[in-house]
Amino acid sequence: MATSAGKLRTLYSAHSSLSSLPPSARPTLQLATLRSYATTTPHDSPIGNTSNTPPTVKRPATAFKDKLNAGPAFSDFVSGKKDEPLDPAEAYALKTALVGPPGRKKEITRLPPWLKTAIPDSSNYKRIKNDLRGLNLHTVCEEARCPNIADCWGGSSKSAATATIMLMGDTCTRGCRFCSVKTSNKPPPLDPHEPDNTAEALSRWGLGYVVLTSVDRDDLADGGARHFAETVMKIKQKAPNILVECLTGDYAGDLDMVALVANSGLDVFAHNVETVEALTPFVRDRRASFQQSLRVLKAAKAAKPELITKTSLMLGLGETEAQLWDALRALRAINVDVVTFGQYMRPTKRHMAVHEYVRPDVFDLWKERALEMGFLYCASGPLVRSSYKAGEAFIENVLKKRRGENAGSVNEKVTTSENVKKLVAGEAMM
């Protein structure tokens, strides 16, 4: 206590002596005086004397700081302008670039410029997002962190706006090593209002093309096929002119359920093989297989021959050229009409690492090869996803042309529709 009082008296006397100094000299000395007492440690040096102050020791860089410096910057994900194309040397340098803190395992963390996208910003995008929240609907666009959400939801001069609705909740019973959707053995029960809510939302948006997909529901006896078919029928009732693509699971190999969905009134039946056969056990859930996916696509075409069938493959997982050729031949052998190629992008550190960032010219090459093999249409590029710009003008025109040619077979369509309704209701087909 005495020590504190002594310090205060010293400070007061020092302040009094300052008043006799010229104004220009006061601030520096006052600051030094106050600093000498603004500490809880003893300070035995004279007032204003800082010559004995120990030098500041610089803290070593932390592991966290190293990780931040090695990781991708914000500009690696978003770009407001179109990048100039890279020459082959620059592309190879990016492909082989390894970064990371010294003394640790290095990996590719910076994205090539062809994987940059614009920030979503359009009135259509905002309207769709608000309606989704209000009707408690999910989209694979958001759940799977798709980079094309701005293009699809906003539309373009070449194609109508599209959206991919994810049915049956946001929790999957499978755990594929490339997918960021939540997984659980016991997901929540189905929402009985979802078919009506989905149809209501789509009738508001004025979309030209919609993709319906779903999580896998191995906990349900029918895998959710009846729920899927009911949703398609509700949409067609409220918006008969909208084109509907269904990207389905494999229904645990139950081909009767595949036929049920194929006859529900959809325009495109899609089921993804995801990767080549050799990599399937390492990429997809153990309950899925390349051959089972082929059987699903074949059954859909058999149930409704005029139906467009579609599948998708990811590149950059370590597949070889020979394996890709084999996959395309197998798909053409069962008359798959449309195939898409896209770059695999690792959603989180818990998922499979990217083996390679495939150059855009390689995607162009595989598009040419697919079309030469007889595929009706092929979308191929680093940012292409299975439902990316599904409303492409070419597919829309093909579907509308087929719709006009088939307009005369009304009785056949009515009979099929009635049979599907009975199956959805749990009745036996007559």
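Glycine too: its Cβ is placed from the backbone N, Cα and C atoms.
What Swiss-Prot records for 1-37 is transit peptide. Here Swiss-Prot flags 39-55 as compositional bias 'Polar residues'. Residues annotated as region 'Disordered' in Swiss-Prot: 39-58. The [4Fe-4S] cluster 1 binding site annotation in Swiss-Prot covers Cys141, Cys146, Cys152, Ser387. Taken from Swiss-Prot, the feature domain 'Radical SAM core' covers 155-376. Positions annotated as [4Fe-4S] cluster 2 binding site by Swiss-Prot, on the basis of sequence analysis: Cys172, Cys176, Cys179.
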So if I draw a 10 Å sphere around the Cβ of Cys172 ([4Fe-4S] cluster 2 binding site), how many other Cβ atoms end up inside it?
23
Same chain, not part of Cys172, Cys176, Cys179: whose C-beta falls within 8 angstroms of the C-beta centre of the [4Fe-4S] cluster 2 site? Give them in sequence order.
Arg174, Gly175, Phe178, Ser180, Val181, Thr183, Val215, Asp216, Asp285
Can you work out the mean pLDDT of the predicted model over the domain 'Radical SAM core' (155-376)?
92
